[in-house]
């Protein structure tokens, strides 16, 4: 994906040095966008190997509404461990807001149900979206993620926070807004996850897939990722893999990792980098 490598180059060449919540330090640019036509392959990076199983299982976990890392750990996903309490709780993060947004009368709203129904019944609507930015549950930046979760707040606020969908010629496209993008570690996962979700929704609604568009606000590279980024930029992108969904589950909530087949993934080796907490 040359567009992703171009984005990394943009940050390296034009980024401003900034401090950040983690204390690591970054170089950052503000306001960028890139897109990918899903008919040209599945957007899983080939310039470094990514763990596809973690991407799919995290998305399945989000859609389940779960906010405890126990299921993730049991399914080989460790990417949330640093922020969870000893009991594995993360507070009302992504899945809670997606599937059970609290209402003032004590009920909940399932935004994913709304999206699926709207795609099936009113695909020309400009209101087909969901988001996770529930101000009432945003964390207190003065305390740790674990303390926030223990206090009923999110351990971390959503980075990938608003998803909107668009249908033309019976093909589904998706637009994601990311407020804060760790461009080396986080963005490749977000891109592939968005593509998976688009394929899943399209299948559930008997549509084809169009393109994904990602709008990024604060796009940064952490100071301890600079050499890794330069290594990645030096690599030549290879042909993208294809994604096949092997069955059509009864609902968007019933997918399993075994339903996803990645064909022709031939990436360069993995590039390790530390996570800033």
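Just so it is clear, glycine is given a Cβ too, placed from its N, Cα and C backbone atoms.
Features reported for this protein in Swiss-Prot:
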- 21, 126, 127, 179, 180, 181, 182, 190, 220, 221, 222: dUMP binding site (BINDING)
- 51, 182, 276: (6R)-5,10-methylene-5,6,7,8-tetrahydrofolate binding site (BINDING)
- 159: active site, nucleophile (ACT_SITE)
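If you take the CA of residue 180 (dUMP binding site) and look 10 A around it, the recorded positions you hit from 51, 159, 276 are 159. In the three-state DSSP classification, residue 127 (dUMP binding site) falls within coil. For residue 21 (dUMP binding site), the same-chain residues lying six or more positions away in sequence with a CB closer than 8 A to its CB are 141. Annotated pair residue 127 (dUMP binding site) and residue 159 (active site, nucleophile), C-alpha to C-alpha distance, rounded: 21 Å. Secondary structure from DSSP puts residue 220 (dUMP binding site) in a beta strand. Rounded to a whole value, the Cα-Cα separation of residue 182 (dUMP binding site) and residue 276 ((6R)-5,10-methylene-5,6,7,8-tetrahydrofolate binding site) is 10 Å. Distance noted between the C-alpha atoms of residue 51 ((6R)-5,10-methylene-5,6,7,8-tetrahydrofolate binding site) and residue 222 (dUMP binding site) is 21 Å. Of all the binding-site residues given, namely 51, 127, 220, the one with the smallest number of surrounding CB atoms inside 10 A is 127. Note: residue 222 (dUMP binding site) has non-local neighbours 20, 22, 24, 25, 26, 182, 184, 273, 276, i.e. same-chain residues 6+ apart with C-beta under 8 A of its own C-beta. Take 51, 182, 276, the residues named in the record as contacts for (6R)-5,10-methylene-5,6,7,8-tetrahydrofolate: the widest Cα to Cα gap among them comes to 19 Å.
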